[in-house]
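Q: Okay, these came from TrEMBL:
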- 1-27: region 'Disordered' (REGION)
- 41-63: transmembrane segment (TRANSMEM)
- 75-97: transmembrane segment (TRANSMEM)
- 118-140: transmembrane segment (TRANSMEM)
- 146-168: transmembrane segment (TRANSMEM)
- 180-202: transmembrane segment (TRANSMEM)
- 208-233: transmembrane segment (TRANSMEM)
- 279-297: transmembrane segment (TRANSMEM)
- 309-327: transmembrane segment (TRANSMEM)
- 394-416: transmembrane segment (TRANSMEM)
Amino acid sequence: MAVRRRPAAAAAGDPPPQAPPADAAAAAPEEPVLRPPNLRVAAVAVVIFLAPFSYLAFVHYPLGADLQRSILKCGAMSLVGFYVALKLIPVAARYHLRRRMFGYDINKKGLPTGQIKVPEALGLVVGIVYLVIAIIFQQFHYAPDSIWLVEYNAALTSVCFMILLGFVDDVLDVPWRVKLALPTFAALPLLMAYAGGTSIIIPKPLTPYVGLTVLELGLFYKLFMLLLAVFCTNSINIHAGLNGLEVGQTVVISAAVLIHNVMRIASSTDIETQQAHEFSIYLVLPFLTISLALLAFNWYPSIVFVGDTYTYFAGMALAVIGILGHFSETLLLFFLPQVLNFLCSVPQLFHFVPCPRHRLPRFDPETGLLTGTKDGNLVNIFLRLFGKCSEKVLCIRLLIFQALCCVFCFWLRYMLTGWYK
């Protein structure tokens, strides 16, 4: 979490600034030097989060050869995106520092590292790389008359719109009431282009009471899509405040989505269902790899801050993946920690109780440990439940909790198969 400090504007009557003398210009500070990315974290994350998907897709399940080739093409392009993001993030970070788009790490206040200028809004870089990879992939995979091409482009348009609005938020620092409305505008291309079904299957235990097995929702289904996009985008944005937490949670969810897609393709005999999950794989695989590249820079201690640009981009990307992949219920289960964090945050978000600008724990520079406050978010709740700890340990605990919730989702789907729907 960053506190941005902008240069003060000159008063109307102040004289124009004078050019510095030649000797002062010669003594100007050199280009800022950034620490190298934590490639060890990225490598470990690649093994942990991509190995299960690769095993299921190419060894465990007998997927078709054509699908496996398409996944390999998408994976190869995604790895290129990973490499490009690693190279571009330091370049963009220096530009952001020049434009004074930086912040200070509040959770290191009182330490020398708390005085380091950390470039902000680097989610812009990975968002652009993701869009380029996804656009190029469609050239190699989808025919010009493919029925999926319209929704594919609509999804990318919504993601692009959200990246733009997220960067606007990072630059202008818009108030919360405006933040809640931003995903509504970004989701419009998706809603207008959506041509899928608008009905839901009634759970079997409720069928005798409802008298229907399928319920047509019409426009209410699109309203649900809109609310899901708004929730996913803002829920990642408010479950934040630690180095690596914003990117880490999206990496865990993305890996779970990949595994879910492969399992559904292998278990389903419906062609449309299989195509929907293939579609989801092609969108989420490059998203996962470019997020891993950003994690190498954002892991504790952060070299860059991701900004609202990334949290909005990540939330919208996952929302369109779940909506167009037709597994929005499962996606919400993957978002269980975000749901809990939102419910705990409701009293403060809606100002039933006082809400500080940054709902962060207290940092003790002497011990280097964080202490939970009374703020209603998972970051502080975990500290109150499990005691003081360092920022890195707290982030790891929260990511383990995220992974356990995803495992719980898979277990719950397995237990309810055949009974619930």
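Including glycine, each Cβ sits where the backbone N, Cα and C put it.
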Q: Tally Cβ pairs under 8 Å between the transmembrane segment (309-327) and each listed stretch (41-63, 118-140, 146-168, 180-202, 279-297), then give the stretch with the top tally.
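A: If we count Cβ pairs closer than 8 Å to the transmembrane segment (309-327), 146-168 scores highest.
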Q: As a test: from 41-63, 75-97, 146-168, pick the stretch that has the greatest number of Cβ pairs under 8 Å with the transmembrane segment (118-140).
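A: Stretch with maximum Cβ contacts: 75-97.
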Q: When you scan the chain for residues with a C-beta under 8 Å from the transmembrane segment (41-63), skipping those not six or more beyond its ends, what do you find?
A: 71, 251-252, 254-255, 258-259, 262-263, 265-266, 288, 292-293, 295-296, 299
